[in-house]
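**Student:** According to Swiss-Prot, the record shows the following:
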BINDING   191, 192, 193, 194, 311, 335, 523, 584  CoA binding site
BINDING   387, 388, 389, 411, 412, 413, 414, 415, 416, 500, 515, 526  ATP binding site
BINDING   537, 539, 542  Mg(2+) binding site
MOD_RES   609  N6-acetyllysine
């Protein structure tokens, strides 16, 4: 193995780890050669009401697509996260919660969480929620968000969690698509010392003329802030619980029955509802949580992701709770009120495993390591990274300043669509290289292909595809199966196309190089460029817009917009700020453009297609080697854009 920046598995980790390198190789080989036998065994890690006898019926043929796992078994996800721990671990703490203000803290045992979930499940039933109904959840980072999800799962309802930073328009589009009858929210959330008007955003969303399905809005009292109230529609969370029973029999669900919807950005403007089912997802989320983080019974595990993202679903709720872990949930941001907050919380709650995002690490790095002078960190054992590729400088800083050079880093690559981690080191098995996601998890078959779909062998770079299914894989785009087939299985026949590029080095390690489609990754969160462009063009003074990502020191990628104004409109700094606020209102703060360049014209082919590769290079300040511009209708446009670019370094 090449020695460039190689971090060897330490002896003390290897001695106690779940798997070492030899075991990894043996298990991985078995999972690829004999997936039926491998998953027949590992599917037993969760509790089944009716045990499965059929394991895998899958095909990536776009004319005969099929993804089925454990498909004749029945189970309940909520029972796997709660009931099965009660006989031995009822008093174990399931959730440690720390508010935005550190003086607010709660501990909830598995027994208490079980009672809370049963009561709220009965409350949902009292509001007309039935098996198969879609319930929209728009909540702050409080334990009740997990309670709401698990209560839906308990009665067979399908939850659709919307990130608390999304705008009313974004919420409305998700409610309309899922035809939700019930929405669960909070009066306000707290984040970084500010109150977030969640209920007001829901009220605005539900005023959208196309929202016709919602009958009830259940409101959690978090801050006691002033809110508007719609009689007959709105109902307080606490008033529903006053009469609810603590006994609720879990619904028996088929392995392929839906568990949740989670909307994600695509390369077209409309958000797509990623649908995950119950059996395979629960097996995969719990197994990856245990093996990737080398989880040991009783450990305190902190995932800093928001519950509105897939990481919050798989590695804050379903995976850890299925494994009986103690999960730390933090309402605010780990660098407020100061960058020392992350270290203080690790020490205060004796955190053993930390899973966070490169964007936070880079933000802390920019503030300086002096904020960690008082940080002990001796309880920390394993650290993870998620959301985007981590640059080697941030990896090393994380390793040295937070991990004190004794914690392995698992740099995990996966997607909303994959349900769980696909490429990752395993702490006791994998020597790591800063910036590399290293090797595939069990049952995962990555490959690199060229643009024609030919498989590239050995050390190479290309489009990252997957050759066979795994249990956590999404099953469809809700209400639009054709879009599912088109997006993931038509580009390269017989393969799942990830939308990412990657290279494989001489040791077989994978390095993710970023999106190859029109999706940008801002602070670990995906945004479709078409979504941001649509928002800009909906402003009356904007004639045309093209949006690309560009390298950003903190966020990984920033948003760079080229905007052509309507004829006669004056370019001004005021209008630039107005457009930034406009996008913020339309989509949410995450989508706010960092840079807006006025463009009298955009580089287009004669057929009118915008050539984004030129725009990406100009935004990244790579203007010396733009490549062939002969297909452009007006090559002079490029010169103008280069001269007026905003991201100059000289």
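Backbone N, Cα and C atoms are what each Cβ position is placed from, and that goes for glycine too.
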**Student:** Below 8 Å Cβ to Cβ and six or more residues apart, same chain only. Which residues does that give for residue 539 (Mg(2+) binding site)?
**Tutor:** 578, 579, 582
**Student:** Have a look around residue 194 (CoA binding site) and count the other CB atoms within 10 A of its CB, chains all included.
**Tutor:** 12
**Student:** Tell me the Cβ contacts of residue 523 (CoA binding site) under 8 Å, same chain only and six or more apart in sequence, or just say none.
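**Tutor:** For residue 523 (CoA binding site), the qualifying residues are 357, 359, 387, 554, 555, 556, 590.
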**Student:** Would you pick out, from the recorded positions 515, 609, the residue whose Cβ has the largest number of other Cβ atoms within 10 Å?
**Tutor:** 515
**Student:** Just jot down the residues in the same chain as residue 193 (CoA binding site), at least 6 apart in sequence, with C-beta under 8 A of its C-beta; none if empty.
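**Tutor:** Expected: 100, 332, 336, 337.
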**Student:** Same-chain residues six or more away whose CB lies under 8 A from the CB of residue 191 (CoA binding site)?
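**Tutor:** 100, 140, 164, 331, 332, 333 - these are the non-local Cβ neighbours of residue 191 (CoA binding site), listed in sequence order.
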**Student:** Given the binding-site residues 412, 414, 416, 537, 542, state which is nearest to residue 194 (CoA binding site) when distance is taken between Cα atoms.
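**Tutor:** Comparing Cα positions, the closest of these binding-site residues turns out to be 416.
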**Student:** Rounded to a whole angstrom, what is the C-alpha distance between residue 311 (CoA binding site) and residue 416 (ATP binding site)?
**Tutor:** 8
**Student:** Rounding to the nearest whole angstrom, report the longest C-alpha distance spanning 191, 192, 193, 194, 311, 335, 523, 584, listed for CoA.
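**Tutor:** The two farthest binding residues have Cα atoms 24 Å apart.
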**Student:** Would you kindly give the Cα-Cα distance separating residue 537 (Mg(2+) binding site) and residue 584 (CoA binding site), rounded to the nearest Å?
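**Tutor:** Counting only the Cα atoms, the answer is 14 Å.
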**Student:** Which secondary structure state does DSSP assign to residue 416 (ATP binding site), in the simple three-class scheme?
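**Tutor:** Where residue 416 (ATP binding site) sits, the three-state DSSP reduction gives helix.
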**Student:** Consider the recorded positions 192, 542, 609 and say which one has the Cα lying nearest the Cα of residue 414 (ATP binding site).
**Tutor:** 192
**Student:** DSSP on residue 584 (CoA binding site), three-state: which is it?
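**Tutor:** Its secondary structure by DSSP: helix.
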**Student:** Just going by other Cβ atoms within 10 Å, which of the binding-site residues 192, 387, 389 has the emptiest spot?
**Tutor:** 192
**Student:** How many Å lie between the Cα of residue 537 (Mg(2+) binding site) and the Cα of residue 609 (N6-acetyllysine)?
**Tutor:** 16
